[in-house]
Amino acid sequence: MKPQVVFVLGGPGAGKGTQCAKIVENYGYTHLSAGDLLRAERCREGSEYGQLIDSFIKEGKIVPVEITISLLKNAMEETMQNDQEKFRFLIDGFPRNQDNLQGWTNVMEGKADGWVELVCVDRCLERGKSSGRTDDNRESLEKRIQTYLQSTRPIIEQYQQQGKVRTVDASRSVEEVFADVKRLLDKEG
């Protein structure tokens, strides 16, 4: 079975992770956060990419696509090997730019199905007070927002032209946002 992938895109602090957790709970998807995978690899003992990832994250820049795709692909393969029923994936925070999209297409074309994109509209900051993430500070956040506007927004617009974008206003409560997400997922199947 090929993996079925839903990309969850949106600006920093849009609630992507929160909504993904609710989708996992209600629909049985496996949530893969590109950022979480990168942060885990950064901290993994003996990682050949750790220091490189660290410097990109601190600068609010996008990690080279080969590294991110390798981590995503490995996580999907490992999940599917452990449980054949786990073939639906939510990938949040990816693709973040044209290079990411091209890299994904080069590596995963014909190997993954289901290119439905769910986009959460921006909201921000409070999380930084308790998250412990090194990139949840004003300076990094400003850089991440600029990166999002310059690099990720065009990807969303490209998919929008193909009719593959489903937009959810994430400025409301978690429950209200999830009600819209649920309607979309039920409709899309």
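Every residue gets a Cβ built from N, Cα and C, even glycine.
Bear in mind that TrEMBL entries carry predicted annotations, made automatically and left uncurated.
Positions annotated as ATP binding site by TrEMBL: Gly13, Ala14, Gly15, Lys16, Gly17, Thr18, Arg127, Arg172. A sphere of 10 angstroms centred on the C-beta of Gly15 (ATP binding site) encloses 25 other C-beta atoms.
Positions annotated as ribonucleoside 5'-phosphate binding site by TrEMBL: Arg39, Lys61, Ile62, Val63, Gly93, Phe94, Pro95, Arg96, Arg133, Arg144. Taking a C-beta cut-off of under 8 Å and a sequence gap of six or more, Gly93 (ribonucleoside 5'-phosphate binding site) has these contacts in its own chain: Val8, Leu9, Lys16, Ser33, Ala34, Gly35.
With a 10 A radius on its CB, Asn100 (CMP binding site) counts 23 other CB atoms from all the protein chains. The annotation CMP binding site is assigned in TrEMBL to Asn100.
Annotation source TrEMBL lists region 'NMPbind' at 33-63. Shown for the region 'NMPbind' (33-63): DSSP residue counts in helix, strand and coil, namely 19 helix, 1 strand, 11 coil.
The region 'LID' annotation in TrEMBL covers 126-136.
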Taking the Cβ of each of the binding-site residues and counting other Cβ atoms inside 10 Å, which one has the highest number: Lys16, Arg39, Arg172?
Lys16
Please report the distance from the Cα of Asn100 (CMP binding site) to the Cα of Thr18 (ATP binding site), rounded to the nearest angstrom.
23
Taking the binding-site residues one at a time (Gly13, Gly17, Pro95), which has its Cβ surrounded by the most other Cβ atoms within 10 Å?
Pro95
